[in-house]
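First the structure, in the form of structure tokens, and then the observations on it.
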Amino acid sequence: MLLASAVVVWEWLNEHGRWRPYSPAVSHHIEAVVRAGPRAGGSVVLGQVDSRLAPYIIDLQSMNQFRQDTGTLRPVRRNYYDPTSAPGKGVVWEWENDNGSWTPYDMEVGITIQHAYEKQHPWIDLTSIGFSYVIDFSTMGQINRQTQRQRRIRRRLDLIYPMVTGTLPKAQSWPISPGTAAAPPAPPCSCPQCVLVMSVKAAVANGSAGPHLPPVARKNVPPSGAVKVPAPSGPGAKPLDSTGIIRGPAKTVPSQAIRRQASSAPAGATAGSSVSPPGANGKTGRVALATLNRTNLQRLAIAQSRVLIASGVPTVPVKNLNGSSPVNPALAGITGILMSAAGLPVCLTRPPKLVLHPPPVSKSEIKSIPGLSNTSRKTTKKQAKKGKTPEEVLKKYLQKVRHPPDEDCTICMERLTAPSGYKGLQPTVKPDLVGKLSRCGHIYHIYCLVAMYNNGNKDGSLQCPTCKTIYGVKTGTQPPGKMEYHLIPHSLPGHPDCKTIRIIYSIPPGIQGPEHPNPGKSFSARGFPRHCYLPDSEKGRKVLKLLLVAWDRRLIFAIGTSSTTGESDTVIWNEVHHKTEFGSNLTGHGYPDANYLDNVLAELAAQGISEDSAAQEKD
């Protein structure tokens, strides 16, 4: 039996199209749920192993990470790496971000850095894998090749990522051998694994251009494209791109994160091929596999992808497993077979491509939006409102209650018939006064409402803490910036009959004001300018006009802690979702999405912005 192993790393796709690894502890936790099978329920609660991930749940059926407080979905995948690489040794490489905390590199980058470190290279240039950085091991620094900016890096030891091991039958046990050719052939097994093994064996033995596939499967199989296989060597070899993919002449066969189980591919012509078993010389399966050259290993990877896709087997992408041993490269081709045999099938194909931006657009093709007189808006720092105390502001929205009901104030949780239990700064009202909000009718201690107003934006508005009804005009704490909007001559997926509204948000870093979490401290602004997209339909233009109102009221962005990177004191989205993918929907922030426009209208309404608001605001 041939024994093969790989390291399992669970990863999630961020908004920039980068697969980010979960920590070893989280990956172990996910693996434990996967191996427990259906009795575990099919969901992974990440907060059970890492309190910082408390809002997140992974749904293994759809292979998505779900954030409970915002409803954000992100794809996840189960990835495989060489057990001798960094994740197999518990080595984590990290860089220091602007707020002094440490961020792990993507797994590909960390493995590349660790490999150079083990070879005792003084430095390594990451340009070859798509990053404009140089890692200097003598100073433990990262240098940006374009700006020459330097950051500290570090190497630390953590848990080893979980390992998986599978077995492949010896070559002698595979049908069909010459000695039994005269006997009537037994009915072949039609499972994808056996079809694959037989077809690849026939292709290797006969030296054919490719593996024989069952007729039904072959009919639906597209031409081979980009397949993750071991890095080629020697003159004339095709170079790898930044993702470690050997480029083929045809389009990539896209893989899916998860698909519904379908029936296995029917048995086909491969059963009739009579070939000599590679292990007939008496050597073990490991030696027989070592005789495969790189061309045949690539055929194995391609065949595995084709058979699994054609048979409807659920698939996830598999990483290339590099190594100097002749057996190590074969792991890239057989990992899918081994995991599929264990009930966890995989596919050696390239993941679907993230399309963030439209094709290039010339200035002459960019048009203003009918009905809007301008193409951009700017916001400045908040102008403090003077002359009204909190008590004067709330007086407009409250009615005094002389005989309060015997129930709790939902702010301080004390009975309304007793004084307020709030212990903060002392408002200038008596703690036993009770008031009722005029529109929604909810009742609170006036003392508690004044304290709540003082802890908020102090913009003259009030939001009921029970039903979220807004009194006055709600504004936010968005830092100064610019919002541009115009038409481009391309259509979004799901909206083929109209052009696209492109919105570009630009916010520079700066210093926090008195309304922000840490006044006087600097804040960062990552990922700007941010490009967002709406269909140029009637409802799309309606959403745009309401977004303009939200921008003027400083409600689109805020300063806080990023849920993606964990960085604090940075510009973040503020509860109004935007579509930042133009031609795909891998992260949940793209098209097609039939419900998006209705959902964002509801989110804007929750901020007190409706068609009436748009009519009141000037263009």
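Placed from the backbone N, Cα and C atoms, the Cβ positions cover glycine too.
Worth saying up front: this structure is predicted, and the values here are computed from it rather than measured.
The residues of the domain 'WWE' (1-78), classed with DSSP into helix (H, G, I), strand (E, B) and coil, number 23 helix, 32 strand, 23 coil. The annotation domain 'WWE' is assigned in TrEMBL to 1-78 (among others).
The domain 'WWE' annotation in TrEMBL covers 79-155 (among others). Summed and averaged per residue, pLDDT over the domain 'WWE' (79-155) gives 90.
TrEMBL lists 208-282 (among others) with the feature region 'Disordered'.
The compositional bias 'Low complexity' annotation in TrEMBL covers 262-280.
If you look up TrEMBL, you'll see 357-391 (among others) marked as region 'Disordered'.
Taken from TrEMBL, the feature compositional bias 'Basic residues' applies to 378-387.
DSSP assignment over the domain 'RING-type' (409-468) gives 9 helix, 10 strand, 41 coil. Residues or ranges marked as domain 'RING-type' by TrEMBL: 409-468.
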Next item on the list: Could you tell me how many residues in the domain 'WWE' (79-155) are helical, how many are strand and how many are coil under DSSP?
Entry: 20 helix, 29 strand, 28 coil
